[in-house]
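Listed in Swiss-Prot for this protein:
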- ASN66: N-linked glycosylation site (CARBOHYD)
- ASN302: N-linked glycosylation site (CARBOHYD)
- ASN328: N-linked glycosylation site (CARBOHYD)
- 1-8: topological domain 'Cytoplasmic' (TOPO_DOM)
- 26-366: topological domain 'Lumenal' (TOPO_DOM)
- 9-25: transmembrane segment (TRANSMEM)
Amino acid sequence: MWPLSHRHLCLAFLLVCVLSAISFFLHVHQDSFRHGLGLSLLCPDRRLVTHPVAIFCLPGTPMSPNTSSPCPQHPASLSGTWTIYPDGRFGNQMGQYATLLALAQLNARQAFILPAMHAALAPVFRITLPVLAPEVDSHTPWRELRLHDWMSEEYADLEDPFLKLSGFPCSWTFFHHLREQIRSEFTLHDHLREEAQSVLRRLRLGRPWDRPRTFVGVHVRRGDYLQVMPQRWKGVVGNSAYLREAMDWFRARHEAPVFVVTSNGMEWCRENIDTSKGDVMFAGDGQEASPWKDFALLTQCNHTIMTIGTFGFWAAYLAGGDTVYLANFTLPDSEFLKIFKPEAAFLPEWVGINADLSPLWTLAEP
């Protein structure tokens, strides 16, 4: 028997390595398809992207309850790539997210959000829409469509496979038929929900009698709206008279309610909201840079009083129960009414209380 040379030993070793690698690849390949490995390519056209981006979803793999899913829910039944430009503050981006989800489903398209929207919403909610990589966004042949703030027939028949929406949609007419899905998307992470409920428990224990409480979340929008509404839109924000009437509405219908006040103007609230009945609690921190604590608190209440703005809308929409809102808060000739339809903004069952427009008449006097 001839002794093996050093060269023969090297060749034999390489052959064993190659065969082992092939065997391993075949094993993984078979196992992956046996368990239904899903592949969703985010690239609309491989020729447009140097490095294709892919998301791998293992069906049945449990997700952490406090993280957002990176995978589409039904990638096989949807096509195309739709997204929306994230613009505005917290409530604006919630409206954009919900509208994108609803319109994409209506048109059988796959929805993706951009990283900025994910950064704004994912720390607060268990959102599930996948994130579109920046390099894919920059190479996609988008058609752009600016939405107005109510559902229109043409939005139900959009044939564009690659569509980037924009605007400030926040109307129930887009997504109310998916209310339970929207509520699921905007489920708070556990630590935020538990913190909010802890605040409400302390309010309950602070009462001199031991019985279940009815909590009414109150959101008072102030801040930049104090200038924007009268100067640009010929409108007003909610005043103390409105808040008193709204609270009396709940006092007449619910036994001993507790009003949980949040605002980006807490100092004004403490100075102007009547607390003589002992049922008003100033619980908000008013931090506009981190609004999720106030938002979580409002959603854990039973009912809502809102003034104006998308933040209050979403708090009321997610809380459920009764909602009282500020109605007719602009003059009839306001330009705001060209971009805002009250009947599309407020649910039909919500209760509107007319705003006091007398400060605007004073401003209009020569």
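Glycine residues also receive a Cβ, built from the backbone N, Cα and C atoms like all the rest.
Under DSSP, ASN328 (N-linked glycosylation site) is assigned to coil, being neither helix nor strand in the three-state scheme. Separating the Cα atoms of ASN302 (N-linked glycosylation site) and ASN328 (N-linked glycosylation site) is a whole-number distance of 25 Å. The glycosylation sites examined here are ASN302, ASN328; by Cβ neighbour count within 10 Å, the least packed of them is ASN328. In this model, the topological domain 'Cytoplasmic' (1-8) carries an average pLDDT of 52.
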